[in-house]
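I have placed the structure first, in the form of structure tokens, so that the comments after it can refer back to it.
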Amino acid sequence: MIRPIHLPPARPLKLTSGLIHTPRGILSPCHKDKRLKGDAVVRTCIPTFERSVFSPVVVQEAHGNKSRALNSKKRFAISSGVDMSNLGGDQDHRVYRFYEARTSVGKGGIWDPHQRKYYYVDIQGKSLHILTLSGSEVQREDYDVGISVGAMALIEGGWGLVMAVRDGFGIWDFSKKKLELVATPYGVNSGWRMNDGACDSKGRFWAGRLFDTDETKPGQIYRLENDGKTATPVIDGICCTNGVLWSPDNTLMYVGDSTNKKIFVWDYDEESGTPSNKRLLIDTSKIFHGVPDGATIDQEGYLWTCFFDGHKMARISPDGTVDRVYDLPVKRPTQPCWYGDKLDTLLITSASKDVNITNCPESGNILKVHVGVQGQLKAKYKLKSRSDRVASPGSS
């Protein structure tokens with residue numbers, strides 16, 4: 001179904017002043033954020049949100065309209081690395097509502113600047129959604145995939161999407177508007193499902209499985225080869241895969257384990273697609289409430305990770321140091337995606353499932369924040385041939 005939506009202009013909020021300098025950083029007048037653990041006193045980098053009536057759905061830059069910063073209960077956004085109080089213009093790091101998606105569990109965001117399209121899924125809703133941005137209007141397409149989708153990537157050539165779905169891997173053909181299962185490495189209706197994933201620089205699609213009713217069971221991460229039907233098990237022992245990423249020079253691979261609240265890093269051989277020398281990057285349980293969920297990476301090699309149940313998004317350095325923390329007006333942010341002409345803005349999906357909407361009314365919506373750091377587009381899946389794609393139970 002296609003829904004054209006007109007977007008009215010709106011007014012941004014003003015910056016909040018009155019930062020307090022401390023020996024360990026710059027602290028907002030509200031005192032230390034209680035949702036950080038231990039002695040994590042860090043710098044305030046974003047203004048507080050004001051209480052008032054919510055504005056209509058607004059999409060910024062791409063539609064030529066000024067956007068309104070989200071109104072919410074007063075929260076404070078924080079940073080441990082950079083004092084952003086002197087930044088001006090669009091670099092004030094305010095959080096906006098990009099689109100009123102109202103997903104149960106939104107994820108899988110992809111920005112295609114050439115087509116001016118933003119893709120996302122609702123995992124619980126088993127649906128694919130495509131926003132086409134044109135002038136002051138958004139055209140939204142909604143599709144029932146018929147199976148939960150945890151992650152996806154555009155296929156090189158622009159004719160479809162590769163998807164990590166409940167039973168393995170599938171191909172969504174834009175012209176057919178339907179999903180074709182191409183690999184079911186752990187069988188059908190097994191209790192396992194694919195969660196997060198991404199493509200590496202050679203166009204191979206990676207995704208990790210988790211057990212739907214017990215996320216403490218160790219799963220596996222598979223690599224869908226370029227033939228579009230072979231799913232190779234590569235990494236064991238990750239319970240809930242999230243934030244599958246590679247460094248800008250493709251020498252490192254990162255994966256988060258939401259169950260254990262840790263993010264790991266491997267050395268990575270780009271040609272063979274082989275990770276080695278697994279080690280801990282950061283144990284987030286010692287710093288944050290919530291669990292590390294979806295993530296992206298910028299051109300400097302810093303990870304941007306959402307914290308599900310934690311209200312936050314953090315920028316984490318390649319050595320595991322927390323550089324910035326953004327406080328978000330949603331309890332369950334799920335995944336950031338680079339967006340905009342300069343790729344210096346993040347669109348963030350979120351979840352409304354099991355959230356008190358009265359307390360977090362933006363839950364399930366897509367947020368937007370300009371971070372002033374340049375990211376990169378998601379790698380595309382390089383399928384060798386569109387023919388001979390037949391699902392093979394237990395293929396590996």
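Don't overthink the numbers, they just go from 1 along the chain as shown.
Glycine residues also receive a Cβ, built from the backbone N, Cα and C atoms like all the rest.
What TrEMBL lists as active site, proton donor/acceptor is Asp293. Feature annotation from TrEMBL assigns substrate binding site to Arg193, Asn195. Taken from TrEMBL, the feature divalent metal cation binding site covers Asn242, Asp293. What TrEMBL lists as domain 'SMP-30/Gluconolactonase/LRE-like region' is 106-351.
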Exercise. Give me the non-local Cβ neighbours of Asn195 (substrate binding site): same chain, 6+ apart in sequence, Cβ-Cβ under 8 Å, ordered along the sequence.
Key: Gly150, Ala151, Ala164, Ala207, Gly208, Arg209, Leu210, Cys240, Thr241, Asn242
Self-check item: Cα distance (Å, whole number) from the residue listed as 'active site, proton donor/acceptor' to Arg193 (substrate binding site)
Solution: 16
Self-check item: Neighbourhood of Asp293 (active site, proton donor/acceptor) by C-beta distance under 8 A, where only residues 6 or more apart in the same chain count
Solution: Asp196, Asn242, Gly243, Gly256, Ser258, Thr305, Cys306, Phe307, Phe308, Arg332, Pro333, Thr334, Gln335
Exercise. Please compare the binding-site residues Arg193, Asn242 by how many other CB atoms fall within 10 Å of each one's CB, and tell me which has the fewest.
Key: Arg193
